[in-house]
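What follows is a set of notes on a single structure, which appears directly below.
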């Protein structure tokens, strides 16, 4: 017979439901459940005396007849598509259904069939997000990949060949030889990966060669000479082959000013890296491009958010990363021209306005590969504390702000780089690259990372213990990170030209390949979910003050951040 229980008891048993609120880690961000797909009284839950048992919540349906491979029960989804409670069904490494799981023979409204061949992951009281996408990677060392995975990232895009000096400074893999060797190495890594070729050339042939060799994007970097001619040529080749172009512009303004670079774009779509400028770019006003409709602006995480320590740490980082010498006055002047508190403070606010669309790392090259997610939510928290409620919020919650910020490391880089058909959000048909979180540790320490529907990483206790939880508890690779499961669970993103030319067979790799698509004129700033603002941005050349649509953008540096020392005592 039906029974009534309190909201608190229900949340304790099945997790929060419609109207309940959840605090994210130790931030001041509070989400409210917008919808619950369950049928009250028919919830499924695994365990002794629970519902997912033979003849109850578990049906007799085989996998061949439609039962899912895995069900994640009663998870609170935080995604650009909504903040809702649902069961998630996975099949063949992709999201098969979202809604109500169970046994259709005994329960109403079931659209996710649980059968004898179904594994269960308990999502009660947990948060589920899409895996993160870091689109600004210097592949300096392979150990970055495990660090990124353990933080909740499931896709990395960038360039490099290891600790070569070109890679230490620039995110590109130059030439078909290096692209081939890097792709061959990817069979060892549980991570979706895409490579950017070097885009700095004034004639098309070398760039076309790299795209056909497997580059899924091209990178223009000032250390290789980002001249107007190189910009124009690279964008023309990208338009012909449907790959994205990322740009790090000319800090020293040697080959032109920001206006010359904008003119070289000719209105074509481009992804502008560290658009504030501390990571590089026309000094002091590269930030202007964040207001253009054809520019997709991103940040790297060392400037996220602006704190009392930001300026001091940047100078030393820059000297190391760009092969500069503190004993050469010109090198010191170059470094100091890039680090401006005024533009970094404005960057915080432009993120909160939705004018900056993406947050990435700049791994080991003035950025921390394991902190993309942490720095994103620290920025969101700082902005809520300093700027208050966003005008777009409709309830007594931070749902809109949370969707705006999660888009910055999930769907927006996926759209920008032509892979949103496969990753970037929790939607039916997309890859089951998913991250489960305890709300108290949200954004800081994941509870489980799934790659292609297989558990690839998780915190795990002593393997010799009688239960999984005794110390030492730390992150360890799981079965999805070993053997042939790696190639079956993750993919390499390449150009359509490379895929159709049989690159996988030519290189003899096991990991599957997917082609990027719709990276050019079909997208732009307006394609950036919840982050499509195009204010007119001006920078005072003397004071570096930044204005958007005439309004001065400034904020105080944070002295204390959430998601920091409280979580990293050990």
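Including glycine, each Cβ sits where the backbone N, Cα and C put it.
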Based on Swiss-Prot, name the residue from 348, 352, 362 that is recorded for the same Ni(2+) 1 site as 136, 138, 219.
362
Identity of the Ni(2+) 2-site residue among 241, 248, 314 (reference: 219, 274, source: Swiss-Prot)
248
What is the one among the binding-site residues 136, 138, 221, 248, 274 whose Cβ has the most other Cβ atoms less than or equal to 10 Å away?
136
Is residue 274 (Ni(2+) 2 binding site) helix, strand or coil when read with DSSP?
coil
Integer Cα-Cα distance in angstrom, residue 219 (Ni(2+) 1 binding site) to residue 248 (Ni(2+) 2 binding site):
8
Secondary structure at residue 221 (substrate binding site), reduced by DSSP to three states:
strand
Between residue 362 (Ni(2+) 1 binding site) and residue 274 (Ni(2+) 2 binding site), how far is it from one CA atom to the other, in Å?
9
Confidence summary for the domain 'Urease' (131-570), mean pLDDT rounded
96
How long is the line from the C-alpha of residue 136 (Ni(2+) 1 binding site) to the C-alpha of residue 274 (Ni(2+) 2 binding site), rounded to the nearest angstrom?
9
